[in-house]
Structures are given as C-alpha cells and as structure tokens.
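Asks: I'd like to ask some things about the structure below.
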C-alpha cells in the first residue's frame with residue numbers, strides 16, 4: 001500500500017494543480033462548443049435603422065460613415081476607464097509573480113523581499129569568497145568621495161534652482177576637434193584638407209526663465225508593505241474558551257446608569273473582596289479600651305469637680321447669710337441706740353484695712369513696672385518720685401539747678417515764731433503760710449493764662465475773645481450777690497468753714513440713720529480736718 005493512502009486529502013491545491021485544472025476546463029469548453037457564431041454587418045443598402053454597438057458588428061473593417069453615431073471600431077478613440085488593476089506577470093517557471101503588488105511605484109533597482117526564502121538567512125558556503133569580504137580603506141575612501149561629490153552636486157542644483165537670481169554657471173573648457181571634410185579638392189573647403197575646430201559652450205542668460213515646462217505626474221508610491229503573517233491559521237474557539245474570554249464590563253458598585261445585569265459572582269470577582277483575608281489590627285482594641293478608660297476618668301473628674309463646686313457654693317452661701325445676719329443685727333442695734341464695745345476695734349480694723357489696701361496698690365504698681373516695656377518702665381520710674389508741684393504746675397518757669405539749699409524767705413524776720421509761743425498757744429491753728437506764695441500778678445498771669453505763641457495754632461486769632469469770655473457764669477445768681485465783684489486772677493484760694501458744715505456732715509456720716517445722736521464726740525485729732533473747703 002502507498003503512503004498517500006494513509007494521509008488525509010489536501011484541503012488546498014497547489015499552483016500547478018490550479019493551472020492544470022484551468023487548462024483542462026478551457027479544453028472542455030472548446031470541445032463542447034459545436035457552433036461558432038460569427039456576427040457580420042448587414043450588406044450595403046440594408047443598414048437602415050441598424051447601429052453598430054459591439055466589436056463584432058464592425059467585422060474586420062472600420063466605421064460606417066453613413067451611420068451618424070459615435071463609433072469605436074476596435075475600441076479606437078474610446079476613453080479608457082482608470083483602473084488600478086495590474087497586469088498578471090509570471091516568472092520563468094510560469095508562476096504568477098505576486099510581488100508585483102509590492103513593486104508598484106518603486107524603482108526597478110530597489111530590493112523588495114516578498115518571499116519566505118527572503119527571511120531565511122543564506123548559508124555561507126565559502127568564507128573566502130571575494131564578494132563576502134569587507135572592502136579595504138582605499139575602496140572606502142573612493143566610494144565616500146564619490147558619494148560626497150554626488151550629494152554636493154544634487155544639493156547645489158536644488159539650492160540654485162530655488163534662488164530667484166543666481167550666478168552664471170561656470171563654462172566648460174574649450175574642446176579642439178580635428179575635422180577632415182569628405183570632399184577633397186581645391187574648390188572645396190578653401191583647398192584645405194583638414195581643419196581644427198574650437199568648440200566652446202554658449203553663454204547662458206542667468207535671468208532667462210526655463211524654456212520647457214515639466215509637468216510630469218509621478219505616480220504616488222505605495223504605502224508601507226503589509227506585515228507578513230507569521231502565525232498559524234485561525235481555528236474555531238470552543239464554548240469553554242468563549243466563556244472564559246467573557247470579561248465583565250466595568251460597572252460601579254454605586255451607579256448603573258445603563259442598567260446592566262451583572263452576575264453576583266462576576267461582580268465579586270471584579271471587586272476582589274474575597275481575594276484577600278481581612279486582618280484586624282490589635283491596636284484597634286487597645287484604642288477602644290483607652291478611650292473607654294479616658295471617658296470614665298473624665299466623668300469621674302467632672303463629678304468630683306461638680307461636688308467641690310457645690311460645697312464651695314454652699315459655704316459661700318452660708319458665709320453670705322452669716323454676713324447678712326451680722327449686718328442686720330448691727331442695724332437693729334444702731335436703731336435701738338445700743339452702744340457696742342467694738343466701735344474702737346472697728347476703727348482700728350478700718351485703718352489696718354486702708355494700710356493693707358495701700359500696700360497692695362504699691363505691690364501691684366511694682367508688678368506693673370516689672371512687666372512694662374523698657375521705654376514705658378523708664379518713664380514710670382522717672383515720674384515715680386517727682387514732686388506733685390512739678391507734675392501739675394506745668395506753666396511755671398524751669399528752676400535753675402543749684403547746689404545751694406533754698407529756704408522760704410517768708411519764714412525769716414516774722415513776728416510770729418518760736419518766741420511768740422505759736423500764736424498764743426493755739427497750736428492747732430495752721431496759719432504758718434498766711435500769705436500766698438509768689439502771689440505776684442505776673443506770675444499768676446503766666447501760670448493760669450494761655451500763651452499766645454503756643455496756643456495760636458489751636459485756638460486761632462480769636463484767642464483774646466475766648467479768654468475774656470465768662471464760661472463759668474451761672475444762669476441765675478443768688479439774691480444779694482455782688483455781680484460787680486472782680487474775678488480772681490490768681491490761683492485757687494481757700495477760706496475757713498464759717499458755718500461748720502464739715503463738722504455737721506461728719507457727724508451725720510458717723511451716726512448714719514440713728515434717731516438719737518450719740519453723745520460720743522469725735523477725737524480731738526480729727527477736729528480740724530474739714531475746716532477748709534474749696535472756694536470757687
């Protein structure tokens with residue numbers, strides 16, 4: 001038995017088999033054609049209404065002039081349709097050359113690989129073959145020089161052609177040609193047997209436009225060649241492979257605007273939740289426990305703070321009630337006129353409280369100085385020990401600094417002094433300064449009168465009118481008052497209390513709302529504290 005009997009039948013025929021089958025089909029068609037029909041035009045005189053339309057209607061002749069229609073015998077004169085079909089070409093073996101498709105629009109010298117054998121590397125049979133040897137240095141230099149000259153020539157021609165005005169081309173050297181005429185004789189060629197002709201290139205006009213119009217349409221070159229198919233033929237996919245290749249669409253877990261129906265297994269597979277194990281960190285438990293403990297301690301602290309606040313509020317309330325009871329008891333005793341033995345103690349306690357309050361103010365002042373800015377601190381320390389007269393008497397002239405001790409001259413040469421027994425034994429009378437200090441009119445005017453030079457910018461030109469204006473005049477005066485009394489021009493003046501108003505007010509403050517005045521009198525050392533009041 002032959003080996004071909006075991007092999008399966010081929011699914012495709014080879015090129016030789018296809019050509020043989022085509023030839024056999026053509027021979028069978030020729031054998032089956034029994035009658036060969038040949039069409040001829042009607043004879044002359046019977047061609048009325050006949051119009052030639054096919055090539056067979058013309059026969060072997062040309063057009064019919066008596067028939068006035070467009071005629072194309074042998075398709076002469078007919079416009080051919082444009083077609084991109086290529087003519088079939090065959091190789092020396094008679095096979096169709098399919099590489100003509102890849103060679104369309106390419107030069108004939110271009111190497112195009114269109115066969116499978118072109119991908120297989122050639123086997124080197126002889127390593128010493130001269131065609132396989134690398135060229136030497138001289139050949140490389142020669143080829144390089146030729147390439148450079150050719151490129152320079154091409155580039156120079158294109159650059160010169162693009163320029164509107166160019167220099168004249170360099171003329172070729174003259175050529176000398178020896179000419180021997182065919183007609184020899186005295187009558188011909190001036191009797192000369194030979195002539196030497198000097199051939200010179202004709203000068204070209206640089207501004208001359210081109211004489212010939214080149215409008216040749218060059219066919220467009222083919223695109224990149226198709227990629228060779230290097231994979232096995234496609235085979236039909238099985239149902240299992242089709243199901244495996246079904247990729248679920250990208251559907252969000254929150255939005256599904258198109259309303260796709262996604263199986264739950266596909267959605268979980270796309271989500272990837274089951275691909276990893278969930279591991280809870282132990283720090284979460286520690287954090288929860290710490291938060292619980294902190295919350296419990298905070299609640300306990302709040303509860304204890306609330307209890308302490310309630311206790312303090314209760315004590316404060318009791319203390320306030322006790323104070324109110326004491327004040328009520330003292331008020332009842334004052335209404336009843338009952339003397340208390342603690343009045344003296346209250347006066348001493350009040351003095352101690354005043355001293356304590358003054359010391360507290362001094363300490364507060366020292367703290368403020370320590371916390372103040374450097375510039376402000378220096379200013380406060382400078383004004384701390386100044387005399388009160390320097391602070392308030394801003395208009396006095398600046399006293400000259402001298403090392404001599406100054407005395408009040410009014411204390412000398414007085415009739416009342418240590419030898420006069422202090423005004424007849426009245427040691428409580430304070431009349432040492434019985435006259436005004438520097439009571440001159442000029443000094444009073446300089447202190448209590450604004451300066452024109454300094455205050456003119458503030459008050460303007462009506463300074464005199466403002467000074468003369470009585471700004472502190474009452475609308476309604478007392479009866480019996482002297483309106484013609486001249487106003488004072490000096491400093492503030494004081495007078496003694498002639499009616500004892502200060503004593504009366506002091507007793508009223510001491511007894512408060514008591515109906516019966518107390519028999520106790522003020523101490524003697526406080527008797528003359530309020531004997532002077534301010535006079536305006």
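Note: Cβ is positioned from N, Cα and C throughout, glycine not excepted.
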Asks: From 124-145, 146-167, 212-233, 388-409, which range did Swiss-Prot mark with region 'Disordered'?
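Replies: That would be 212-233, the stretch labelled region 'Disordered' in Swiss-Prot.
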Asks: Please determine which of the modified residues listed here (14, 224) has the lowest count of neighbouring CB atoms within 10 Å.
Replies: 224
Asks: In whole Å, how far does the CA atom of residue 190 (phosphoserine) lie from that of residue 182 (phosphoserine)?
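Replies: So the Cα of residue 182 (phosphoserine) lies 13 Å away from that of residue 190 (phosphoserine).
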Asks: Measuring Cα to Cα, how many Å separate residue 224 (phosphoserine) from residue 115 (SUMO2 cross-link)?
Replies: 16
Asks: Using DSSP with the three-state reduction, classify residue 182 (phosphoserine) as helix, strand or coil.
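Replies: Coil, per DSSP.
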Asks: Select the closest residue to residue 115 (SUMO2 cross-link) from the following recorded positions, measuring between CA atoms: 122, 182, 234, 258.
Replies: 122
